[in-house]
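Below: one structure, written as structure tokens.
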């Protein structure tokens, strides 16, 4: 970098040529097949030269057979070259087809960012210089380009620049590049390229102008600004003139007064270069900059340690700079943050708000607003602020109108966004009108725009979102106020309010009162009375309030006849309203009673099932006890030799069985032994459970253990089935499946790993399909100690880059839906929502790469028909779950207060009944002791301990009586 600047500055009359770097890029721009051909030709030439002059003599003295071999070798080389050419032609044809596909897709959706990038890459690979230039130009008009895209474009143009006109074209590209984002590397390239044109007219002034602008833009950059300072300083040092030495001194002093990394090295270099002693002012500025550097270092180190996009670190850095209040540094840190967070609308809003309120520099403010809407075109707040800023700084009407039209085509994600942008533009048009004139061009334009706004919301917006976004008719209300207050045209205002009421707003009291207040201020008493009478008849939400307003007006302005009529109408209306409310209350009470009856029925059914289950369980336990008693009586010898017993159970011969039968008959007791094998599945499960030792749960290993649930109950050997799945995450120490008393697998288990990172990696297997069911994998947490612990992988807030799709056919697969969604952008993730059994629910979540692709997909896919199912597509914004209020814990009189842990993880149940008779709950009054010790807790009577035990049926009867 420094060498290039120095050499170029010392030889101003020589035009710098593209070096090896540019040549290498030209090679990269060539098709891969051409490069292979050139490489093959070079290798052949080197081989011919390596043969030496004796090669021709050997050819002359060679035999006929040698000539045949040479012909064979030549034909082989020709065939190899032909194969390479065929491979290149095939690859070129494939690239051309892909280029055509991308161009067709961009003709449908020009805002597909990834398609633009891929098209430029393929055109550059094919060497289509004119087409790649046009593709880059089109993309730069729609999107701000990243530093990498600009540098690639600039390097290509620099390598092709041949004369002064081409150099001016490259200068224009540099000027466009530095406006998109703050890029120190682009400024450095700009400065170095301008050094190459120093021999032209005004070349020296051009170089200095570029470097000075670079210092103003990125010279304060603590980590990357040093390169700009060094390049500028070395350029000035290369010009050996006495007058230029002071320029180098000035650059050193300016650099040392700014907190930058490696300041000590720059100071040492200045001391070595300068022949004069260091001035005191320079030392003071240097020490002050060092002190500032120490304050900034924690924030810079936080940025270096964090990973992109580092939004939180940048926000903290911005807050710190805002407290200090240096405008240049505040602007720099905002620009640095936006390089990595260009798709964060809130960051653009905060930056533009600071410029609007603090700096108020026209060019800077409008430039930032323009970049903001190019980066986040779907954010209506940025467009609104842009229009206000343009009006604030006095831009012409045509420019503001064109910007508004661009906003309408930006593709907002909500219908209300269009209402907001229309309101901002209509407010601007209203401020242009001189209402002292009866008629003007501006007033006619305002009225025509009000009409167009209503048509646009009714047609364009309602067709796209199934709603106009303006249910309260705010735009029509604004129009009515303009006509009534500023144009004295109450007739038009009344027509507008009639239209507002016919759009479903006549039942709201606030709408009638708004109209009444307008008539009160700019109309007459007759129309006020008429409006209130209509309001009394139509209002359904707050009729009492409207009736009160009518009576108040008649009390102050009406006659006796008006008062009587108002009383009659209000009483009739309120009586009807009360009757309707009573009917609604009765209907609601009937529904509540019906729900209670259903709940009681469900309780009764559950109680019966529970009693039946307990009865079966009791019978099973009695049967097992009988079997155990029988085994104890006849199996004493087998208990002494358990290994022998297991062998005889599986390999008992018929002769041994008959001998045992004879032995039992002689002893006078009959014992029937069933030697037939039981069900294989139950035998295997029972033996697996019997052979597996019981392991107590060790809570100290929760960090290396995961809990796996929702597994199919039909798995015969869970450990064998699950071990290969989890071994990809790391060493599996143990898998502990849980079985029932009968040896059946209960569908969940614990998996213990050797390392904690393996357990964390295993959580990524959550929702993996195992034999048709989604397997749930969650951390191993003791719910008794953490009752509120819940694991939910997905966000429950608004995600503008993710779509929620409903109404899908159950037969729709993930691959089919992904193919549909890919047509509108890059799909990062797609998830079909299923139930616990793995069956689809007709819902899906689709995550796109950015918000613009998601908004385009909503507009294109909403209302689409898939297999006769009309799907609905919206931005993912799950509704907030209501947190149930914790009921007040009531205890029986005299009952001891129990801690929450005694009730379990969920606390007390909803129904808390004290099943202790009231007679036993009453306790004698504690003796009052004024100066004695506090009485001890009352001891419960011993009668309570002798109360008969109640069965489940008794409890159910008590609940049903309630």
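Glycine too: its Cβ is placed from the backbone N, Cα and C atoms.
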Which listed span Swiss-Prot calls region 'Required for interaction with USP4', if the choices are 454-487, 488-521: 488-521
Range among 602-609, 642-649, 650-657 that Swiss-Prot annotates as motif 'Nuclear localization signal': 602-609
Listed range which Swiss-Prot flags as coiled coil, given the options 259-318, 319-378, 379-438, 559-618: 559-618
For residue 795 (phosphoserine): DSSP state (helix, strand, coil): coil
Among 216, 795, 852, the most crowded of the modified residues [Cβ within 10 Å]: 852
Distance from residue 852 (phosphoserine) back to residue 216 (phosphoserine), taken between C-alpha atoms, in Å: 33
Mean predicted confidence [pLDDT] for the repeat 'HAT 3' (202-238): 87
Inter-residue Cα distance where the pair is residue 795 (phosphoserine) and residue 852 (phosphoserine), in Å: 20
